[in-house]
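What TrEMBL records for this protein:
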- 54-171: domain 'AB hydrolase-1' (DOMAIN)
- S136: active site, charge relay system (ACT_SITE)
- D267: active site, charge relay system (ACT_SITE)
- H296: active site, charge relay system (ACT_SITE)
Amino acid sequence: MPGGNVQTIYLSTRHSKPAGCPVEYEREIFEFADGGKAAIDWSKPTQSINPELPLVVLISGLGGGSYNYFVRSFVHLVNQPPYGYQVAVLHCRGCNGVKLATPMTFHSGMTEDLREFMNHVRQTRPATTTIGIGFSLGANILTKYMGEEGENCPFAAAVSVCNPFDIDATLNKMSKFSIKNRCLYAAALTKKLVRGFVQNKDVIMAGPVYLDAQMIEASRTMNQFNETFAAKIFGYPSAKELNDSGSSARYLKDIKVPTLFINSLNDPICYKSTIPYKDIEANPYLLLACTRYGGHLAYFEGLDMKPWLPRQLTQFIQAALKW
């Protein structure tokens, strides 16, 4: 399929089509220490759950989740023999049908919720090996978390797919006025963020931080949204400082578990210019795979457009577990 834009747009048509990769989830509403809540969708393997097999903790992209095609196709594969892995899909606060319980929401580098969930997993399933997988924004959060944890990271291995790495550079490029950037991807992603704000406005506006709801709802780029909302909620002077603080590239040197980074060179959202080749090469725990095609998370193969990514993820997981 020609072009990263065509591939990415085609992927969006597959999210509502479960045919070929049916997955059954059981939802848990996880409550954080501050009273906030998020949905965890636990997959049900076709065989009984074996506590000796790995648990895959998956963090999806901006406002995405367990219904996304690239998530379902992976979960469907690893739920089957010979794998039989269970997957926990961690959603962001205020997303996927769970309203905010507190004014605290999420941002591109917020690792606190992942950390609290992983501490819970360690306490309740101490003998279970865990694998981390992140897609897009979730890949940035996962990577940053692993760098912050260093030697104490609970994951045995991890995979980052279509990671933006440098949030500020990515959003600045996306905000440039062009049909492809500002009028397509930036508009769609910003609209999703604004919609999330509107759906939770009663809770957010009742919080201690003064916010201009009109300015937030008028945002046309993600940087405008970050400037008027996210930076203020999380106590940053500007969107740039929020973006820089949340960028995972600066944490690569501290990762101490085998980690595969998959990025496509024709990704129209997470640009090849932001891939930190030298930083990845300098860390012996990290491996970078750049594909010529694939758009943004739109990895398909063959005339029948079968998902390519699930096989690569499972092969790396199996190899890393033997390492």
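Note: Cβ is positioned from N, Cα and C throughout, glycine not excepted.
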Checklist entry - Over the domain 'AB hydrolase-1' (54-171), what is the model's average pLDDT? => result 95
Checklist entry - Per DSSP, how many helix, strand and coil residues does the domain 'AB hydrolase-1' (54-171) have? => result 44 helix, 23 strand, 51 coil
Checklist outcome for this item: Cβ density check for D267 (active site, charge relay system), other Cβ within 10 Å (all protein chains) comes to 26
Item to check | Residue pair H296 (active site, charge relay system), S136 (active site, charge relay system) - Cα distance, angstrom, rounded | outcome: 8
Checklist outcome for this item: D267 (active site, charge relay system) to S136 (active site, charge relay system), Cα to Cα, whole Å, comes out at 11
Checklist entry - Cβ-Cβ under 8 Å from S136 (active site, charge relay system), same chain, 6 or more residues apart: which ones? => result S60, G61, L62, G64, V161, C162, N163, P164, I269, C270, H296, L297
Checklist entry - Just how many other Cβ atoms lie inside 10 Å of the Cβ on H296 (active site, charge relay system)? => result 27
